[in-house]
Amino acid sequence: MTLLLHTNDQDIQRAADILAKGGVVAFPTETVYGIGADATKSEPVDKVFAAKKRPHDNPLIVTVSDDQMLRRFAKLDQRAEKLIAHFWPGSLTLILPLLDDEILPSNVTAGLSTAAFRNPKSQVTRNLISLFNNPIVGPSANLSTKPSTTTAAHVMHDMAGRIDAVIDDGPSQIGVESTIVDLSVPDATILRPGAVTADEIAAVIGEKVIDPSSPITVAKGVAPKAPGMKYRHYAPSKEVIIFQAEDAEQLKTVLKPSDAVLALTDILAKFDLPEERSWSLGQNADSAAEELFSALRAFDDRDSVQRIYVQGLAKKGIGEAYMNRLEKSAGGQHFHLE
Ligand code: TXA
Ligand code: MG
């Protein structure tokens, strides 16, 4: 049985008690929902891997309530100090060297001497972690390879019966996971794009930031920097194909009755589709990022839909994170005019 908890003090205390007993609780953040368990003990962390069916060579994010808690585990340089002062709490995850290699269980770090630290905006989640007084792991609350979850209902869809509780705090506002920046290397490097952009990071640290603009590709046998990037990701069971706004008219002429379209409101209007075959991404890249995973999940549950055409957007600002997730969902498939 998976308990559905709310954000009142009593329920948060209940969640903290579950964590203290080595249990697993899904929690809200402004990016996506996460799955929490005591990050300092290996047995609770193993339950998170099992619940997600996540491969063990993919390390977890460590979620902290504030920078004081972070300092118990990681070494902070000038860049880390500046980024924390500017962006925390918020959607920026930092890869930092650990104070010592054994300070976190090896299933959290996958044996690396660094770890990923995040301090989410959610006051509820930060209260939970400070009540518990230890960091909690925080991978996204979806089955491995599936789109991340942005509502408690989506978490229940994937995790009911697999974890002890979910705290419902309504939909996540951003909708795609945090930016990950690696500070364990001489030049700060973006490992996963998110709401905080490389330019914003560079402006705060006053140094260049490496941002591999092409999707991270991993050569066989080479360890990827963000191990999670090598797996099939964000993938619904339906086929996903990316199309460009200027090709909408052409696409309309070849659509099959089992095809659905996911696009910004003005582009979607051109298709004139029934509700069960269409989903609006709103007006801009912000709303598109917020809607993407919900929409992919909704179509996954509609038997009449076989294929989902999703509008591509410019890779700037949050559009870069949106396209990064969409390209993975689509496995790189694009609609091309014959
Ligand atoms: O927004 C988010 O970051 C969400 C919410 C719930 O906080 N969490 C999230 O966690 O996206 P997850 O586990 O789905 O993604 C964490 C990524 C993985 O790709 C993992 O490989 C990478 O961070 N990672 C973790 N530790 C790392 C390390 N020491 N070095 C490099 N990459 C690391
Ligand atoms: Mg994930």
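Even glycines carry a Cβ here, placed using N, Cα and C.
TrEMBL annotations: computationally assigned, not manually curated.
Listed features, source TrEMBL:
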type	residues	note
DOMAIN	9-196	domain 'YrdC-like'
BINDING	T31, S178	L-threonine binding site
BINDING	R54, N58, T114, R118, S140, S148, R192, Y234	ATP binding site
Contacting binding-site residues, sequence order - T31, R54, N58, T114, S140, S178 vs ligand 2, Cβ under 6 Å: S140
Within the predicted model, mean pLDDT of the domain 'YrdC-like' (9-196): 97
Binding-site residues: T114, S140, S148 - member with fewest neighbouring CB atoms within 10 Å: T114
Packing count at N58 (ATP binding site) (other Cβ atoms within 10 Å of its Cβ): 18
Cα distance (Å, whole number) from S140 (ATP binding site) to T31 (L-threonine binding site): 9
Nonlocal neighbours by CB distance (under 8 Å) for R54 (ATP binding site), same chain, sequence gap 6 or more: V48, P139, S144
Binding-site residues listed as R118, R192, least Cβ neighbours within 10 Å: R192
Y234 (ATP binding site) in three-state DSSP notation: coil
Maximum Cα-Cα separation (Å), residues R54, N58, T114, R118, S140, S148, R192, Y234 listed as binding ATP: 25
Packing count at S178 (L-threonine binding site) (other Cβ atoms within 10 Å of its Cβ): 29
Neighbouring C-beta atoms (10 Å sphere around the C-beta of Y234 (ATP binding site)): 24
